[in-house]
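The structure appears right after this line, and notes come after that.
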């Protein structure tokens, strides 16, 4: 009987599952397994069902404060007697809820549609020795499945056998992590010979494995195969696990058993939503909402108190014709006061802009398409466009202060080219003379080293080590996934594919040096040496690479029976394990190559005796069979095995900078952003890349906070030395207070490694002084123009981002990377951007935005981010402004109607003001406004500084918009009141009533807030004209129809003929024109003064283009005709850019043209100076 407790490597473990292959229970007499219940293979990515959509969606929507607030107001209007109809609150709320529900319902319907397409896919299942076809959703755990080439795996499978003799199959995981390279997976050794349905059906086995985990690259399990009722245990790992969504390649067919199905597959577990990120603009909106809620409560409270103060006089209690009912008179005064307070809350509730949330959501959703449609961000090589995974952070792209970037694949191409190798200190370069020997294909005479070369044994061992220690596959066909490879002189030749570009570069480098890796066949690796002889090595074990060990090893047996362990890895992980070899010479070459920016690897070996190999097998088998802590056990085993190595040499591979990477970083610096490079590479290599990419300049003074320095001094002393250095130069100022291009300050750059960072982050208990390392470190970083963090683990990258986010300035951070090791920092940063690189698509899948190349970051931030922030900040401020203009006259009106809660506006106007009359112009503005041409934004990155630190949504600006709204409301109300104080008669002698007065105020209001937006608009298209003037025409037409027709569904029609009567009065027309002018004039004057005295960089550029026009005009006799022609020419010039000056710009220009002619005539040199400053603009 098989006893689990006697298994090698077994320990007490829980949380596992047992799977019966083909649903066959273990034979009698073996340990009893309890059959578990598993889900079917149905994938559900949808959020709602037909039955729960309404209640679930309503619950989610009313969790938003604004929606819940308006729901309460609506219920209050239904319950108590309020001055306005429930429709005035209910209809806008219904509109908001309906639009949002339709949008979310449509998105969920698309998810249902996609789920059904996947769940109904046909799958071939082996049952009773025959292949039957089932729908994917009907698969069960334990089913044996037949998969054919180019088919996608429907669930997570354990590979049992393949059509290949060696039991391997090739798989692409592009849909999981974007890696299009072919990965090798291995069948269970004891089942790989079962190649037909009948044979597979005879397999009698159980699988014990861990419960589903989201980690795509980790799997722990074992298979118990029953042969003659005797169990044989074999380990199962990630190399046996085929993941749902991966595709079978270059293998005719396989048989595999389902172990995780449906929502328990690793792919489904990775569907989980990421942490919700909120933008700075959204936080400002919520803060403003709280302020306006307090204003609303204050208004209602003031009116309630004043109402009862007014009614304290018996003569003012109630008019004789409006006696209160006896029931109302007998109610307690507190209840009456509370009811009145609620009634005033309802009357003034429109100050809270509920429709703003829908408009903002629509603006973000529709605006995100401008990134995806941008042809300049399309990469022809990849055939990819920018992708927006979340539109909630569009405006955050315009607020970035810190950029954290990976190096390999982000700043560099991750396209490796073998440069050289060094064996025992002697350098070998392909296509050159190496140690006196002309290598194949030599094109030049580059004498590297004329001293006697290393022993032939070490040289050949080095080349063989690189030909054997890898996971490269050989492909001999002409195409892979439709892409042609390996074509030489019209013939199909072999080429290499691997998940690691480094490995391909090294194997190709060896091929150029005379040692060609041929293939892996029947567990034997074949090499073609320089004598064109084929050498065969039996591959016994592979000690896979991981980011912690930073090395990989293979154990092979030569044809003569010798056993070798070949190991390659980072110099920091190889040198400490070496006991012999020319370490100093190799280390010197490694450091030299690192300074040149090359990626280096060291190669070592260890001969094994048969006894040592048996010990190695015992260690590895014990660790592989462990079901709990397998990774830890394997790491311990690898640590024991990979020791006492003999150093052979090192390699150098070049990873070139991406196109325009240096230009992009320089532009980000000019825009005021600080760029940090976070990489796992060694310091010298990363520093060379930083110089090449202009992160560090040649005059940059480098400060080092590395392990090497902290070994010489204590960490405490090093930190304080660096702090004194930067503060001595900069005084109390940080680099945020001056331009990074200033020549008055030394440019500092900081280099820190992962080990020192751990020490800085680690809380210290010894003394309180050293416990403040984080603050000192941050102070140093704030005064450095650039920071390089090398030898960083993925978690440390996220810690760095979190540290900066939590600093006292709370800056907006952006993280950009291309690999799985960058996901943690991408998720941690305020904005995460994935690069569509060669390290897979995990970064892309977990990012907020994805771009093909690093160079596209420049336009994404400097243009799209700038526009998004300008647009949404105007949208938010404008919404609050127009609602203050709307509701403050209602507040003032209460002082003239005895605080009777009489509404100033008609119910239709109350309802449609935010929905129809004023919503579309600001939505369109927030989608297409371009206050500066995009070419200028790209050429002058310093413009990004004008909008930094949420500058357009600060409290002073918010206060200005609010005061402007109050002023406009006062002008509208009292202007209409005093203008018609003695002239309230029409031509036929009739007097204006309160509804005519309210309609007049409302008309002025609609035209004023619309013209305010007209004055702020710089970019005019036919769409702007259609929407802006169309909204005003719609208001007029609606008012004419609403008051010109007797509507049968209205109980009373108080607005009948009111609008027409108002327009029939000459004074009403004059009042509308005067009040609109008086309302807008202070804002225009304020802008003129501010632009003249304290202009921003943006405003200088906006008016700067008029300089040439002024110069040409004043060099000739001044006349009105030339002034008019000049203005027209200037406007045409802007139209050529797609930019049209605002009405304010034109009026300002005309005023300056007339008033300052003498000044310009006398100061021609000043004009020329100003003109020179605007050369950049004119050239654009």
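Cβ from N, Cα, C; glycine included.
TrEMBL: automatically predicted annotations, no manual curation.
Owing to the predicted nature of the structure, the values given are computational and were not obtained by experimental measurement.
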Inset, instruction - May I ask you to indicate which of 866-886, 887-907, 908-928, 929-949 is given in TrEMBL as transmembrane segment? - result: 908-928
Inset, instruction - Among 776-800, 801-825, 826-850, 1026-1050, indicate the range for which TrEMBL gives the feature transmembrane segment. - result: 1026-1050
Inset, instruction - Tell me which range among 751-773, 958-980, 1096-1118 TrEMBL lists as transmembrane segment. - result: 958-980
Inset, instruction - Write down the Cα-Cα distance for residue 791 (ATP binding site) and residue 818 (Mg(2+) binding site), rounded and given in Å. - result: 17
Inset, instruction - With Cβ distances under 8 Å as the criterion, find the stretch in 65-80, 287-310, 341-360, 958-980, 992-1014 that has the most pairs with the transmembrane segment (1026-1050). - result: 992-1014
Legend entry - Protein Cβ atoms within 10 Å of residue 408 (Mg(2+) binding site), excluding its own: 27
Legend entry - Three-state composition of the domain 'P-type ATPase A' (122-185), taking helix and strand from DSSP: 7 helix, 38 strand, 19 coil
Legend entry - C-beta crowding around residue 818 (Mg(2+) binding site), within 10 angstroms: 31
Inset, instruction - Mind tallying the domain 'P-type ATPase N-terminal' (35-89) by DSSP state, helix then strand then coil? - result: 28 helix, 0 strand, 27 coil
Legend entry - Residues from the same chain, set at least six apart from the ends of the transmembrane segment (287-310), whose C-beta lies under 8 A from its own: 65-66, 69, 316, 333, 337, 340-342, 344-345, 347-349, 351-352, 876, 880, 883, 891, 894-895, 898-900, 958
Inset, instruction - Can you tell me which binding-site residues out of 545, 680, 791, 821 are within 10 A of residue 408 (Mg(2+) binding site) by Cα, answering none if there aren't any? - result: 680
Legend entry - Most crowded position, judged by CB atoms within 10 A, among 545, 680, 791, 822 as binding-site residues: 822
Inset, instruction - With residue 822 (Mg(2+) binding site) as the reference Cα, tell me which of the recorded positions 406, 599, 680, 791 is the closest one. - result: 406
Legend entry - residue 406 (active site, 4-aspartylphosphate intermediate) to residue 680 (ATP binding site) - Cα separation in whole Å: 9
Inset, instruction - Compute the average pLDDT of the predicted model within the domain 'P-type ATPase N-terminal' (35-89). - result: 81
